Every structure is written in C-alpha cells, then in structure tokens.
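Enquirer: Have a look at this one before I ask anything.
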C-alpha cells in the first residue's frame, strides 16, 4: 500500500450508536497514518445485495485502498471471515457475497484467505461485532503492508460465496430486469446495463405506466416517469421531482418490465 495508506469503510451499522466509532478507533490505534473514507453506514440492515452494489459502484473511484465492508446478518455463525486481493485493492469482510462484485470491479479476485490468525484479531472477541474485533484489525494491518498470507489459510476464489445473479431478460420490444437497488432519492436501479436501453424509442412503458427514454431527469415533465442510464451505467427508473420506488411500489428483488410505448 502507499506510504500514507487508505482504508474505505462500508457498513449497515447506522449512525445512532457507537459501532462506527469503535471501528474507527481500532483503525486509528493500529494504523494511525491511514486515512479512512466512509462510503456509507446507512445500508439497510442486513441487505447484503444493497451493500454489494454500493461497494462495487464506489470502489473504482477510490484510491488504492483496503476496503472494509460489513453487512453481516450471519455474524457469529460458521460463515467465514475473509480478505482478498483484487487489482490495486484489498477487500475485507464476511464471506457472504458482499465483496465479490467490488472485486470484479477492481479486476477480479487474485487471492483470498480466511481470517484465522489470532495475532491479527482483537484481544476481545465478540460473537456479534466482527467489524470491531476481526475486520478492522485485519484491515489496519493490511493497510500498513502486512502480507495477506499471514492473515490465515488460502481460500480458492471459486469457493467464495456469491450472490445469485439478478434476472435480466431481453425481449423483442424491451426487457424485464430485477430491481437491484433503490437509492436515497427513490430512484430504482435495475440490473440491466444501459446497452439494453439504447435501441428503445423515446416513448416507453414501465410496468404498464407511460414513461420517457431520457438522458436527464428534466427530460420528463414534473412528476413524469423516466428511464435513463444512471451514473453506474445501469438502467434506472426515476420520477422528475418524485420517487419512482413509491410510484411503482417496488423494492429490491422485484422485477420491472420496460417496453416500447
């Protein structure tokens, strides 16, 4: 890592409690020269898919770093704690699919280990707070240049847990795609890439509602439904001045059909 290392930090811990601060404290004590970028701590509780999407869509724009992510409904169970290298980054977190989309965005998994070395872990080991006691201590050591192999035994990249592939179904007059995420503004991001939208006309229908094929929000009238390619290169459905998720009554995992109108 760089002489002044970077660590990014993504969780579902929220900001009402001291969980984030405790992890920051561990990082500061063990790696006082590291700079920490808080990606978000407002991932919906236990929503691994949302955490994976946020992380994967953010890491390409961060400096070379150790990326710590904790959305871990299986904490304390037999699920593995892992660290892996991918491109110019390292990722640390639970083996529940959270890290692998980000690893792909960085160029793919080069090597992975299970975090079992007790010398790398916190002196106090809580069964329910591995962010503080496992992932933060490991991230700090990696940020300071400790070898990944010293953290624990190697894991075959193909044996890592992966999230199910979201549905994307091209059709003659459009496509059906799974809702990947809903952001703070109520915009509905689909798993479909922007290429599926290119050949469709300006007049569209989304779940039988009229919409426009747009480049910006203002291409639709106020309150109008629009479909565009978002900043991650994926198809998104939005409302100019409103919340598409509320209008369409959809949540992540639902399916939406986008067709020529």
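In case you wondered, yes, glycine gets a Cβ from its N, Cα and C as well.
So Swiss-Prot lists these for the protein:
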- 12, 72, 187, 239: adenosine binding site (BINDING)
- 187, 231, 239: (R)-S-adenosyl-L-methionine binding site (BINDING)
- 72: site 'Important for activity' (SITE)
- 79: site 'Important for activity' (SITE)
- 130: site 'Important for activity' (SITE)
Enquirer: By the count of other Cβ atoms within 10 Å, pick out the sparsest of the recorded sites 79, 130.
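Expert: Comparing Cβ neighbours within 10 Å for the recorded sites 79, 130, 79 has the fewest.
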Enquirer: To the nearest Å, how far is the Cα of residue 79 (site 'Important for activity') from the Cα of residue 72 (adenosine binding site)?
Expert: 9
Enquirer: Using the alpha carbons only, what distance in Å do you get between residue 187 (adenosine binding site) and residue 231 ((R)-S-adenosyl-L-methionine binding site) once rounded?
Expert: 12
Enquirer: Please identify, from the binding-site residues 187, 231, the residue with the sparsest Cβ neighbourhood, meaning fewest other Cβ atoms within 10 angstroms.
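Expert: Comparing Cβ neighbour counts within 10 Å for the binding-site residues 187, 231 gives 231.
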Enquirer: Return the single residue from the binding-site residues list (12, 72) that has the minimum number of other CB atoms within 10 Å.
Expert: 12
Enquirer: With every protein chain in view, what's the tally of Cβ atoms within 10 Å of the Cβ of residue 239 (adenosine binding site), excluding that atom itself?
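Expert: I count 23 other Cβ atoms within 10 Å of it.
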Enquirer: Using Cα coordinates, what distance in whole Å links residue 231 ((R)-S-adenosyl-L-methionine binding site) and residue 239 (adenosine binding site)?
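Expert: Distance (Cα to Cα, whole Å): 16 Å.
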Enquirer: For a quick check of understanding: given the listed (R)-S-adenosyl-L-methionine-binding residues 187, 231, 239, what is the maximum Cα-Cα distance in angstrom, as an integer?
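Expert: Farthest Cα pair among residues binding (R)-S-adenosyl-L-methionine: 16 Å.
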